[in-house]
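The structure under discussion appears below in the form of structure tokens.
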Amino acid sequence: MSKIKVLIVDDSAFMRKVLEDILKSDDEIEVVATAKDGKEAFELVKKLEPNVITMDVEMPIMNGIDATKQIMAYKPTPILMLSAVTKQGSEATLKALDNGAVDFIEKPSGSVSLDIRKIGEKIIKQVKDASKSKVRIKSSRILENIKKEKQDESSTPKPQVEKTSGLSPEKLNDTAILIGSSTGGPPVVSSIISNIPKNTPPIFIVQHMPKGFTRVFAERMNNNSAITVKEAEHGEIVKPDHAYVAPGDSQMVLQKRGGNVYIIIDENMPKIHGTKPTVDVTAEYVTKYYGKNTIGVLLTGIGRDGANGLKMVKNKGGYTIAQNQDTCVIYGMPKTAIEMNVVDKVMDPIDIPLEIIKFAKKIGG
């Protein structure tokens, strides 16, 4: 079996060496070269054709975002961004994901020399996962749609979307939409949410993402959406026309008191399927309170999280949608759900917003 050829791109000689040592410790990985900036990386990609690239965000000469754009235009290659847990770092990382990077490695804070080695196993796993991902960017309708949306963005932070769902207001509080996503998901979730009209039931978004990144993810979506998108807060009342993003490193659950549903953010609940937030955990509570009026959507990602969640939706009589294989960066979570026979509709994400509203109207009458 041939080794996974990795190119490391970082302006820090120390970080290049640490990453190289970590990756070389695994027999299935070969570090073919290192580069100190995006320009050098692009030349090495043309020469060496690596299977995976680890890419720093902030670098001289050519930064990680511009390098990602160039590489994806020349030869789509799985790119893992190495990102700082700061607002600026999170924004840059999400921008790189919009431009084709498949995932990101959270750059440790504090004593880098100690912390980076602590997450060595995770880095190796992410590189292996990335090597299995599909990055045929040119053929992806959803990413072309995202690019168009970015071009259409004006200086106005929130677009004035005139269309509404047409749902009867009295039913909006009885219906809920759950969206679960992992690797390759942020641009897809963003595109779906940007095409959701006003007068829509509450949406619960579980994207596998660490603390700090989820808030920026929500803020970016909010700037391009007809509804309010926010990182979920402990104790807040669930409302229609709102999308709630589960905070990183916490589980998002629900509680009903009187006639209201409240969001509970629990940092102490364990990881399930090796991740927190977990789609399956939130699904248990969404289906508990919304039952047959739940619409479950499962998008690209590795592993099986969300498959049991869709099963819960089906068991309650709700409606389930999975992203099709052709558009998935990693066809893991949707594939598991489809194999479990708990998916009503398999489709391109570009068609999902319309499908959500169509089914919500059936519920809302």
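Placement of Cβ uses the backbone N, Cα and C atoms for every residue, glycine included.
Since we're looking at a predicted model, the values are computed, not measured.
In Swiss-Prot this protein carries:
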type	residues	note
DOMAIN	5-122	domain 'Response regulatory'
MOD_RES	Asp56	4-aspartylphosphate
REGION	146-167	region 'Disordered'
COMPBIAS	146-155	compositional bias 'Basic and acidic residues'
COMPBIAS	156-167	compositional bias 'Polar residues'
ACT_SITE	Ser182	active site
ACT_SITE	His208	active site
ACT_SITE	Asp305	active site
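Sequence features annotated in Swiss-Prot and their locations in the structure.
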residue: Asp56; record: 4-aspartylphosphate; DSSP class: strand
residue: Ser182; record: active site; DSSP class: coil
residue: His208; record: active site; DSSP class: coil
residue: Asp305; record: active site; DSSP class: coil
>> Can you tell me the CA-to-CA distance separating Asp305 (active site) and Ser182 (active site), as a whole number of Å?
In response: 9
> Measuring Cα to Cα, how many angstrom lie between the residue listed as '4-aspartylphosphate' and Ser182 (active site)?
Replying inline: 21
>> Test of understanding: give the count of other CB atoms lying within 10 angstroms of the CB of Asp305 (active site).
In response: 28
> Which chain-mates of Ser182 (active site) that are at least 6 residues away have a CB under 8 A from its CB, listed by sequence?
Replying inline: Gln207, His208, Thr275, Leu299, Thr300, Gly301, Ile302, Gly303, Asp305, Ile330, Gly332, Met333
